[in-house]
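Here the structure comes first, spelled out in structure tokens, and everything after it is commentary.
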Amino acid sequence: IILNCSIEMSYIPLGPNWVTRAMPPGASWYNSGEQRILFGCWSLISGIIAEVLYFPCMLALLAESKNSCYKIMFWISLVDMLTLLVCSVFYGLGLLHGDVYCSNPLWHFCLGAYGIGCWTASCLGCLTLVSNRLAELMDIGWIFTGRRTYVFLVVSTLYGFAFALFTPPPLFNSKYQSFFFNPYIDESEKYTYRNIPHAINNLTVVILSTIFYVILCGIIGMKQVSSTGAMSTDLGRKRIRASRAVFLQAAVICFGNFTSSIMYVYFNFFYTPPALIIFAQVAWQLGLSLQPIIYLLVNSKIRAYYLNMLGANRFMRKSMSASVVPLRNDSRR
């Protein structure tokens, strides 16, 4: 019943072999794709580098996960690392191979379902993070205290699973260098595929993100200029500084989602120049790949944890102690 409802809601048939009627799946479909060596190498290498940089940051967020904000950021980092496999690593490999959907239907169907699940879960997780910051600044942070945070994260996870299992996945196409709900197996318009829930999700994310960030900026600005109240204390000012840092992190997290949300809805319904399609894909990639760099730049706790993992702190302490010892010996003489 659920599967039939999802088919009717999405207006398309589901299944990994729904578009292989024109020609059997296999190597002959590679002639329909194009190898994109430059963009493929960029996507593959940048994705691997981002995964390597992200892992210590994720562990640092886990170490600070007593705070509800860090719980959410850890969950987002985990989903982002999973999403990077789709939008950068496997995407780059597909460009290098010149893949299209029918060259390996089952793989690309599962990859698309996996990707849309991670994407939608991350969208709801980003909104949860902004809501957490708003609740903290409005002194209603109790909404996220204790196990309540896990409820929000479970809902976000189930939301992603629902899209992965019950809506049609986007399909990779190396010729047009992105993921499309239409597999473009011929030049006719005989096969038309849509994912209406995905469009609703993306537009909702854009609208709510804009509203939430405008409210968040307004609250931070009001708190900063206020000379009375709880925010005028040292604790209050500390909360403001922490909120500004997390705001920057959350803004970068949502930047890629914001840009690619609009573009992915647009080019799945209307003709879009290839340059804009590539721009949307790069925005998605950078929105995830820049996360570990932003964490290291603006979050002192994560930076200290990161350096400690790499042994940089121990090396610095040894260097400082080595430089101090001769001075002590000279003074004694």
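Cβ from N, Cα, C; glycine included.
What TrEMBL says about this one:
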- 37-62: transmembrane segment (TRANSMEM)
- 74-94: transmembrane segment (TRANSMEM)
- 106-130: transmembrane segment (TRANSMEM)
- 150-172: transmembrane segment (TRANSMEM)
- 203-225: transmembrane segment (TRANSMEM)
- 246-269: transmembrane segment (TRANSMEM)
- 275-298: transmembrane segment (TRANSMEM)
**Study point:** Listed stretch, out of 74-94, 106-130, 150-172, 203-225, 275-298, that has the most CB pairs under 8 angstroms to the transmembrane segment (37-62)
**Key:** 74-94
**Study point:** Listed stretch, out of 74-94, 106-130, 203-225, that has the most CB pairs under 8 angstroms to the transmembrane segment (275-298)
**Key:** 74-94
